[in-house]
Amino acid sequence: MPKYPLLGMTLTELQSVTKDLGMPAFAAKQIASWLYDKKVTSIDEMTNLSLKHRELLKGEYDLGISAPVDEMRSVDGTVKYLYQVSDNHFVEAVYIPDEDRATLCVSSQVGCKMNCKFCMTGKQGFTASLTANQILNQIAALPEWDKLTNVVMMGMGEPLDNLDEVLKALHILTASYGYGWSPKRITLSSVGLRKGLQRFIEESECHLAISLHSPFPSQRSELMPAERAFSIKEMVDLLKNYDFSKQRRLSFEYIVFKGVNDSLIYAKELLKLLRGLDCRVNLIRFHAIPGVDLEGAGMETMTSFRDYLTSHGLFTTIRASRGEDIFAACGMLSTAKQEESNKN
């Protein structure tokens, strides 16, 4: 009989566990401390619980931490990890070390429903949403855990399409009884879903990144079908109701496609669209994927685009591309091969 994972449980849920097992009320905080602060590898290591209570706990629960089943290493130091989340399903997470920081790109779903034209995860289709345990396991089981400084929810899947479990995972990451991270170390990236965006802004203090890619609705809907359900104009109008002028950061991701969205008219329309918002724009180089007739703009074009926006008051950066040689860069994550091979 499968055991229930402790990783991914809130303090309230741990209190229910200890109550059901006849353990003292304070034992829930002890378990949370061992799990999220001391990062034990077995229930036996929870030595301030009595032997009897540890045995009771082991009878129905395990830590719920599973090591990656595979990894790929890039020449630039990026590492892509493959996690098995169930018998037949897998997700990828990407560890990106830098001089002064180390970031983990975390997945929220197996596949994705959004079907963005430029993304391999979308081409894979949607299989399942991850639980808070499966989201946090990508972090807790990371071999480089002790070096990690930042988490970005920019891996496989649309986080706002799995908002209950994503918010639960983010709560545990930032709660004092949990990992105790500052929300300023975490960024959630989304295409922008009407039903989830407002809730995320109001229930989380983590940074927000919106996938933009075109300021023109008709073109954006071709690149990103989600535009048809919740337009970028409506999204911007909603975002203007909130204060992003302090520590919380709002950014817009913009993949620059050659001859598609890289001309001056696009830069001018971006300025018009985002006027009045305290935000930044991150320009991203497109990484070619099979079967997609798009090409990335050159660095000279991207630099000119950035300089125009910045000179007109919109802070803009060019995001460094990492892990392209192992299909770990933006838009390149997919576990379609593993999913298919496990069916056979």
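Keep in mind that glycine also has a Cβ here, set from the backbone N, Cα and C atoms.
DSSP assigns GLU92 (active site, proton acceptor) to a strand segment in the three-state reduction. In this view, GLU92 (active site, proton acceptor) is surrounded by 26 other Cβ atoms within 10 Å of its Cβ, with every protein chain counted. Positions annotated as active site, proton acceptor by Swiss-Prot: GLU92.
If you look up Swiss-Prot, you'll see 98-325 marked as domain 'Radical SAM core'.
Other Cβ atoms within 10 Å of the Cβ of CYS105 (disulfide bond), summed over all protein chains shown, number 27. For CYS105-CYS330, the entry in Swiss-Prot reads disulfide bond, with the evidence type sequence analysis.
The [4Fe-4S] cluster binding site feature in Swiss-Prot is assigned to CYS112, CYS116, CYS119; the stated evidence is sequence analysis. Taking all protein chains in view, 20 other C-beta atoms sit within 10 angstroms of the C-beta of CYS116 ([4Fe-4S] cluster binding site).
For the recorded site, SER189 (S-adenosyl-L-methionine binding site), the DSSP three-state label reads strand. Around the Cβ of SER189 (S-adenosyl-L-methionine binding site), 22 further Cβ atoms fall within 10 Å across all displayed protein chains. According to Swiss-Prot, the feature S-adenosyl-L-methionine binding site maps to GLY157, GLU158, SER189, SER211, LEU212, HIS213, HIS287, an assignment based on sequence analysis.
If you look up Swiss-Prot, you'll see CYS330 marked as active site, S-methylcysteine intermediate.
Neighbour counts of Cβ atoms within 10 Å were compared across the binding-site residues HIS213, HIS287; the minimum falls on HIS287.
Closest to GLY157 (S-adenosyl-L-methionine binding site) in space, going by CA atoms and restricting to the recorded positions CYS105, CYS112, CYS116, CYS119, is CYS112. If you check the recorded positions GLU92, CYS105, HIS287 against CYS119 ([4Fe-4S] cluster binding site), the ones with a Cα inside 10 Å of its Cα are HIS287. Secondary structure at CYS112 ([4Fe-4S] cluster binding site), taken from DSSP and collapsed to helix, strand or coil, is coil. Put simply, SER189 is the one of the binding-site residues CYS116, SER189, SER211, HIS213 whose Cα lies nearest to the Cα of GLU92 (active site, proton acceptor).
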